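Q: Right, I'll just put the structure down here and ask away after.
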Amino acid sequence: MSYPQARIGVIGGSGLYQMADLADTVEVQFNTPFGPPSDALVIGTLAGERVAFLPRHGRGHRLLPAELPFQANIYAMKMLGVEYLLSASAVGSLREEYRPRDIVFPDQFFDRTKDRPSTFFGGGLVAHIGFDQPICTELAHLAAEAARGVELIGETRIHTGGTYVCMEGPAFSTLAESRLYRSWGMDIIGMTNLQEAKLAREAEICYATMALVTDYDCWHPDHGAVTVELIIDNLHKNAENAQRIVRAVVERLHAAAPPCASHSALKYALLTQPEDVPQATKQKLAAILAKYPAYRPEV
């Protein structure tokens, strides 16, 4: 089956369930080798580019962080031909200067999740990708510069760099955990982006996180503990800013998409010899392995 193609993908998190600026849209239902993604993907035109949008938790926010079909979500983007993927995500701040309604483009992750699927490989094919720089530097820089060039509503500030600690959830942090993460030098905290970043790297998709700060987690002595009401309220206030930034990022990618090492992440990562890989595994990973002829499934 052939699918409409899109070079740019956007994953929307809590509070960002649609992209109103997309024109000429089509909705595509997927059934990937890893099951269906969180929801149908909406593909449309924005600033001269075809863009694929996926609401991470599904429309209606139906999926817990640990229930997200991370593999299917990224594989669906790969099937559409996505090369650049921007992920919008609600986060708590672990630093005084990262205020609620600020936006952060982090450059590192720290994993505190438990047994979530975070690789496409196995089943007779071993691969080890480089992940020392989990965020694609070129895309994150482009996105941050685009954000700084946008007229933002309110007092939103743009920050670059920092570490996103990915917690299991769905409960928010204890005070002890929040204080510990701060003592470790972590900057923001969320529940979803680490697995996306790993899988995007394996799929050779350039990936960056746009983290929307909603709260101070629970460490701040002058702010109450985080609540869903607080998160959603700040996300709604910042939704228009997020939409404006996404448009600006797409415009810049349309004008001059940067080269990215992620686009060849598998070049030296595949360890198993092609003749030793089961045909079923080659077929399952066909979209990811397509540019490596020796690993393509037999017709």
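From the backbone N, Cα and C atoms, a Cβ is placed for every residue, glycine too.
Found this in Swiss-Prot, in case it helps:
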- Ser14, Arg56, His57, Ser89, Ala90, Thr192: phosphate binding site (BINDING)
- Met191, Asp215, Tyr216, Asp217: substrate binding site (BINDING)
- Ser173: site 'Important for substrate specificity' (SITE)
- Val228: site 'Important for substrate specificity' (SITE)
Q: Out of the recorded positions Met191, Asp217, Val228, give me the one sitting nearest to Ala90 (phosphate binding site) by CA distance.
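A: So, of the listed recorded positions, the one sitting closest to Ala90 (phosphate binding site) is Met191.
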Q: Calculate the distance in Å between the alpha carbons (Cα) of Ser173 (site 'Important for substrate specificity') and His57 (phosphate binding site), and round it to a whole number.
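A: So the alpha carbons of Ser173 (site 'Important for substrate specificity') and His57 (phosphate binding site) sit roughly 20 Å from each other.
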Q: I need the nearest neighbour of Met191 (substrate binding site) among the recorded positions Arg56, His57, Ser89, Val228, using C-alpha distances.
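A: Nearest in space to Met191 (substrate binding site), counting only the recorded positions, is Ser89.
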Q: Can you give me the same-chain residues 6 or more apart in sequence from Thr192 (phosphate binding site) with a CB-CB distance under 8 Å?
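A: Counting only residues 6 or more apart in sequence, the Cβ neighbours of Thr192 (phosphate binding site) under 8 Å are Gly13, Arg56, Pro65, Leu68, Ser89, Cys166.
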Q: Which residue, out of the recorded positions Met191, Val228, shows the minimum number of other Cβ atoms inside 10 Å of its Cβ in this structure?
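A: Result for the recorded positions Met191, Val228: minimum number of other Cβ atoms within 10 Å at Val228.
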Q: Just checking a number: largest C-alpha distance across Met191, Asp215, Tyr216, Asp217 for the substrate site, rounded to a whole Å.
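A: Largest pairwise Cα separation, rounded: 15 Å.
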Q: If you measure Val228 (site 'Important for substrate specificity') to Tyr216 (substrate binding site) at Cα, how many Å is it?
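A: Their Cα atoms are separated by 13 Å.
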Q: Given the binding-site residues Arg56, His57, which one has the fewest other C-beta atoms within 10 angstroms of its C-beta?
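A: Counting other Cβ atoms within 10 Å of each of the binding-site residues Arg56, His57 gives the minimum at His57.
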Q: A 10 Å Cβ contact count, applied to the recorded positions Ser89, Ser173: which residue has the minimum?
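A: With the recorded positions Ser89, Ser173, fewest surrounding Cβ atoms within 10 Å: Ser173.
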Q: In terms of DSSP three-state secondary structure, what is the assignment for Val228 (site 'Important for substrate specificity')?
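A: DSSP assigns Val228 (site 'Important for substrate specificity') to helix.
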Q: Quick one: Cα separation, Tyr216 (substrate binding site) versus His57 (phosphate binding site), in Å?
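A: Distance between the two Cα atoms comes out at 22 Å.
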Q: Cα-Cα, whole number of Å: Asp217 (substrate binding site) versus His57 (phosphate binding site)?
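A: That separation, Cα to Cα, works out to 21 Å.
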Q: Would you count the other C-beta atoms found within 10 angstroms of the C-beta of Asp217 (substrate binding site) for me?
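A: Looking across every protein chain shown, the total is 26.
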Q: Please state whether DSSP places Ser173 (site 'Important for substrate specificity') in a helix, a strand or coil.
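A: The three-state answer is coil.
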